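**Q** Marked as domain 'O-antigen ligase-related' by TrEMBL: 196-343. TrEMBL lists 12-30, 36-59, 124-146, 166-183, 190-205, 211-228, 240-262, 332-353, 365-382, 388-409 with the feature transmembrane segment.
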Amino acid sequence: MNPQYIKLHQFIHTKIEPVIAVLLILYYFGLNLPPIIGTAAKYLCYLLVAGLVIINFLTKGQKFAYVATRDLFPWLLLGLSFASILWSAAPEYTSDEVEPLLRASLLGAYLATRYTIKDHMWLLLSALGIAAFFSIMFAVIMPNYAIDFVSNNEVSWQGIFNHKQYLGRQMAIGVITCLHLFLDKSKHRFLLLGLLFSFLILVILSSSKSALILLFFSLLLFPIFTLLKQGYRLKVAISIFAFLIITSIAILITINLETIVVDILGKDLTFNGRTTIWSLALEKGWERPWLGYGYSGFWTSDAASYILNNTWAVVAKSEGERFHAHNGLIDVFLQLGLVGLTLCLLSFLRLSWRAINLIQATHQREFLWILQFLFISFLANFSEIRTFIDGGAMWVLYISFSFLLGIWWKRIKSPHRNYKKQSYVENKKLMQKM
């Protein structure tokens, strides 16, 4: 084979592809882009995802198929979303919006096929580092774009994202990722410290109480890694994890109950809070309990008219924005019914179970990182974040982690290896040989 071709292939494989992956992850986090730029970025994203997936499938088709079948729950959710076109209350919206969900799922499968868990850490850190840099830069040069000046003289940063909650959540994930790489004795420790400080500052500046709670409780998961490494029983770690989830949910709901929407003109709205939204949404959900109103089919149909016209949701409607229940699990129930909600919960519990078992079996810190990501992505559904089944970066990473955990789960079941005695380098070589 031509040496120049080999060199070009290696350059694309090791330099160009990771850069594209970082930019795609950044885009999928949901950037606040002007309409023209947003449209151009969307179609460019489509081309890049299609190119990466097709090339990867043609060159590593067997590996791609193997990786993409390590966990069937994501495909069941995706299949249910596509099938919901048949019963959707707004089939035109469902048919349009399941396509981006498919692309995000394929991107997740590509990432799982192409990169190790440690590689995912660096890719995610690079994307969040870029986001932090531009969020700070635009806050300085274009404060009206990056900072939300609310009516009661409070200031909350949203950076380059669409909402302060997204900035807070993304930066919280960045803090966790930095800590893991720093504790892994990376040679880039000064860079990691700088990023860690920047992420922490942005979490605080976002004024997102939910993000602070998610960060705080995800940090409390670090003792699970220590306990499992020291040989404590699995039930101890699971009990701690369950306790933290229940406590976090209780605190997040309590905070959200106290939240009252504030008008952009500085006048306090007298509409009811989120509890009324949740109550009315659940009432509508129980009218079609099993399969829901279809993917993206509730808030875009007449079924939501009463809620949109008789609660503070009218503000979003008047501004032409898509409203949501401010609770991801309720939104899943509305869209895909009890079937979809059950699949989501079973998938989360299964992945958490696998991550905890893999921590115990391998003593690898990367699985704690995935567990913390699952923790944050699940609990974020109880704040202002829309459901993670929306084709965004959280779904992309969720898909990728599902397949990676599936690969490692099968590996630890092999009777021929003792993974506790293997280094991460050895395990990484095994992954690359697949």
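Even glycines carry a Cβ here, placed using N, Cα and C.
Tell me about the setting of these features in this model.
**A** For the transmembrane segment (12-30), the residues of the chain that approach it from at least six positions outside its boundaries are 41, 45, 48-49, 52, 104, 107, 111, 114-115, 119, 123-124, 126-127, 130-131, 161-162, 166, 170, 391-393, 396-397, judged by C-beta separation under 8 angstroms.
Counting only same-chain residues 6+ beyond the ends of the transmembrane segment (124-146), those with a CB under 8 A from a CB of the stretch are 22-23, 25-26, 29, 32, 157-161, 167, 170-171, 173-174, 177-178, 181, 195, 198-199, 202, 397.
Beyond the transmembrane segment (166-183), the same-chain residues lying 6 or more positions past its ends with a Cβ under 8 Å from any Cβ of the stretch are 29-30, 121-122, 124-125, 128-129, 131-132, 135, 157-159, 189, 192-193, 195-196, 199-200, 202-203, 206-208, 210-212, 214-215, 218-219, 365-366, 368-369, 372-373, 376, 380, 385.
Within the chain carrying the transmembrane segment (190-205), a Cβ under 8 angstroms from the stretch's Cβ atoms is held by residues 125, 128-129, 132-133, 135-136, 156-157, 159, 167-168, 171-172, 174-175, 178-179, 181-182, 211-212, 215, all 6 or more beyond its ends.
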**Q** Short question: which residues 6 or more past the ends of the transmembrane segment (36-59) have a Cβ under 8 Å from it?
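**A** Beyond its ends, the transmembrane segment (36-59) has Cβ neighbours at 17, 20-21, 23-24, 27-28, 103, 106-107, 109-110, 113-114.
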**Q** List, by number or range, the same-chain residues at least 6 past the transmembrane segment (332-353) whose CB is under 8 A from its CB atoms?
**A** 71, 73-74, 76-77, 80-81, 84, 238, 241, 281-282, 284-285, 288-299, 325, 370-371, 374, 378, 387, 389, 401-402, 405
**Q** Below 8 angstroms Cβ to Cβ, which residues of this chain, lying six or more residues outside the transmembrane segment (388-409), approach it?
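**A** Counting only partners 6 or more residues beyond its ends, the transmembrane segment (388-409) has Cβ contacts under 8 Å with 25, 28-30, 67-68, 70-71, 73-74, 77, 81, 97, 100-101, 103-105, 107-109, 111-113, 117, 120, 124, 295, 328, 332, 335-336, 344, 347, 351, 354-355, 357-358, 362, 367, 370, 373-374, 377, 380-381, 431, 434.
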